[in-house]
Every structure is written in structure tokens, then in C-alpha cells.
Amino acid sequence: MMKFTKQDFFVLVGGIIIYVVDIGVDFWVASKYFCQGQYSWSILILCFRGISSLVTQIFSYEWFKNDWEGTDTGKLKWIFLVHLFHCGIFIRYWFALKYGCQAAFKLKSSGDASETDPSNFIKKQAIDAVTDINMLRVFKAFLETTPQLFVQIYILMQHGKTNCYQYAAIFMSLCGISFSMADYQMSLQKSLPDKGEFRVPSKFMYLFYKLLTITSWVLSISLITLLSVRISVILLIFLWICGFTWTLKQCTTFCKSKKMEYLYRTVVGIILIFTFFNIKERRTKVCISIYYATHTVVTLGILFVYMFWKPSIIKEIHFTIVIILTILHLVLGIIFLVVYYKHFHPTTYCRPQACLDEVDGTTGQKDRVKTSRFQNFLMP
């Protein structure tokens, strides 16, 4: 039976606060760099914000079009104008708060599991609204938040000077990644209840595995960039091409139109630069092993280059700390990854059919009356 609790509602409110604060911190940091004459950093931060917002607005509006197909075109024109001014996410938050408040505080469960039951219909509306927001936040986390974390760490290592706004930006980036991953798991459980329940230890294991491996990789990329910006750019482009090509081979079916599907695959290619997601009807053991083995080899290669090519740099205290943190995050991240997939992944304790669905993402889709976008989205 679908559930939308008071706790879910308060988590939603917290997400809105984090989103608004994150916008404020971005503009604050960009203005600080601009006032200091560091125009390139200011423009780069605003570019990350602008590209991320543009992509999320496009997906958000496309989803409204799909959901409201056949309804009054006047509503869609109004929705288009809101998205044109990059405020589409706030419309989605408004719908989520509206249905979430009703589901969490005003409705009583009737015991009927049918979606035609009024209380279950409202709960489904709330869950769907929150799920759409969380999918957009996953896009934002890897189009804006993670790149900004990389930029701030690179600036700190390059100049060796720290300011409170830089720490604020790093803190908000880590919070943004953490909340997007936690909310993503919550949506996976709420939107696809047939996939089994995600236990609390499972959620923490998944969160730490993602956060630690992403942070380690960001630190590694920052170290590469300090050696050579050109090599760093070439590496990132190469990784994106590999991720995009792999996504093409999977023949994903997330969007209705071909143009949107290619945009989705482009975004997934960027996401795959930083972390691994299962995207289409595949067992993940081999793919995830190759993915993180590659990250480990590249990270160790970077550290060896610093040890033998740039030994004088390692003597600086902040570089020593960064290298220690890189290794520590990598080792702990891999440990959490192995423990999560071996003992806490839903396939280790959910029903056999649910386990198959969890891996394949779309298995059994034809047998359902109505499917969710989330069933074709990224899987853990």
C-alpha cells in the first residue's frame, strides 16, 4: 500500500530549504569571485548553474506536457512561461506540498489498496510529484553540484588560501549530493513498491558508498587538473564519450521523443563521469566492477605521478592532506560499495520477481495498467 507520511512531508520541506539556500550560496560565491577580479571562476560557477537549470527546466516542462496531454492548452502556456523564467521547479514543489499536505495530515487510510480509492489517489499524486522533483535533483547534482565541488576544491589546492564562502560552497555541494542520493532512494521505494523495502542500513550504506566514491573521484580530477588542465579536459571528454556510447548501446526508453531521449543520454553520459548507475535491463556486477576498477587505477596512477614526478609538491601540508583524503575516501567508498551490494542491496532480501525488476528497471512493465517515469530512470 502506498504511504506518504508526515516525515516524508518534512523531508520535502527540508529539500525546498536546501534548494533555495543552494541558489543563494551559488550567487554569493560567484559575486565574491567577481568582486575579487576572478571573473573566470565567477562565470564558470554561473555557467554550471545556468546549464543545470536549463536542462532541468526542459525535462520538467516535457513531463508536464506528457502528463497533461489532451488537457487545456492554456495551462500548458502558463507552465511554459514559468519554465521560461527558470521557475518550473517551484511549480513542482507547490504541487508536491499541496498533495503531500493532504496525504500526510488530512487523509486516513481506508485499507483499500486500489489506486481508484480517493486517499490512495492523493498519496499517489504526492509520491509522483516528489519523485519528479527528485529525478530533477539527480540531474542537478551531477550537472551543477558535483562540478562546483570540483571547482572549489581545485581553487583551494591551487591558491592554498581559504575563505568562508569557499567552505560554504563545498559544504552545500556535499549536502546537495547527499540529499539528492537519499531522496533518490526514497523515491525508488515509494514509486516502485513492488521492488521491496529499502531498510535503513541499506540507505546509509548506499549514501556513504556514493558520497565517498564521488568525493574521491572529484579529488582525483582536481589533482589531474593541477598537473595539466589540458589532460584533465581530455580525460573528462573521453569519459563522457565512453558513458554516452554505453548509454546509446543500452537503447534507453526514458523519454517519449527521440530528441529528449538523446538529451537524456547526454546527461547520463555526464553523470557516468562521476558515479555509476544501472540504466537498462542489465546485471550490474561486471559493469560496476570495470567502472570502479578503472577509477581506482586512474586515481593510483595520479598519486604515483605526484610521488615520482612532483615530489616537492607532496611536501606541502595541504597536498598531503588531499592525497590522504583521496585514498581514504576511495578505500572506504569501495568497502561500502562491496558491503552494500553483498548484504544490503534490495536484491538480497526482496521477493524474486521484485529482485529481477530492481535490476532490469522495466521488467513486467507491460503487465501494469499505468507505468511511472521512474521505472525507466536510473537504477542503483
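Note that Cβ sites are derived from N, Cα and C of the backbone, with glycine treated the same way.
Beyond its flanks by at least six residues, the transmembrane segment (9-29) meets 45-46, 49, 89, 93, 96-97, 100-101, 103-105, 130, 133, 137, 145, 148, 152, 165-166, 168-169, 172, 175-176, 179, 183, 186 of its own chain at Cβ-Cβ distances under 8 Å. Marked as transmembrane segment by TrEMBL: 9-29 (among others).
What TrEMBL records for 41-64 (among others) is transmembrane segment.
Taken from TrEMBL, the feature transmembrane segment applies to 76-95 (among others). Through the fold, the transmembrane segment (76-95) approaches residues 12, 16, 19, 53-54, 56-58, 60-61, 64-65, 68, 125, 129, 132-133, 136 of its own chain, all at least 6 residues removed from its boundaries and within a Cβ separation under 8 Å.
Among the features that TrEMBL reports, transmembrane segment is placed at 165-184 (among others).
With a cut-off of 8 Å between Cβ atoms, the residues of this chain six or more beyond the transmembrane segment (204-225) that come close are 146, 149-150, 153-154, 157, 174, 177-178, 181-182, 185, 231-232, 235-236, 274-275, 292, 295, 298-299, 302-303, 306, 322-323, 325-327, 329-330, 332-334, 336-337, 339-340, 344, 380. As annotated by TrEMBL, transmembrane segment applies to 204-225 (among others).
The transmembrane segment annotation in TrEMBL covers 231-250 (among others). Sequence-remote contacts of a segment are chain residues at least 6 beyond its ends whose Cβ falls under 8 Å from one of its Cβ atoms, and for the transmembrane segment (231-250) they are 221, 224-225, 265-266, 268-273, 279-282, 298.
Outside the transmembrane segment (262-279), and at least 6 residues removed from its termini, the chain residues within Cβ reach (under 8 Å) are 55, 58-59, 138-139, 142-143, 146, 210, 213-214, 217-218, 236, 239-244, 246-248, 250, 252, 254-255, 287-288, 291-292, 359, 361, 378-380. Residues or ranges marked as transmembrane segment in TrEMBL: 262-279 (among others).
Long-range contacts of the transmembrane segment (291-309) within the same chain: residues 213, 216-217, 220, 223-224, 227, 235, 272, 276, 319, 323, 326-327, 330, 334, 337, each at least 6 residues beyond the stretch ends and with a Cβ under 8 Å from a Cβ of the stretch. Sequence annotations record features per position, and here TrEMBL assigns transmembrane segment to 291-309 (among others).
Among the features that TrEMBL reports, transmembrane segment is placed at 321-341 (among others). Sequence-remote contacts of a segment are chain residues at least 6 beyond its ends whose Cβ falls under 8 Å from one of its Cβ atoms, and for the transmembrane segment (321-341) they are 153, 157, 202, 205-206, 208-209, 211-213, 215-216, 219-220, 222-223, 284-285, 288, 292, 295-296, 299, 303, 306, 314.
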Residues of the same chain, at least six outside the transmembrane segment (165-184), with any C-beta under 8 angstroms of its C-beta?
11, 14-15, 18, 21-22, 25-26, 28-29, 32, 130, 133-135, 137-138, 140-141, 145-146, 148-149, 152-153, 155-156, 203, 206-207, 210-211, 214-215, 378
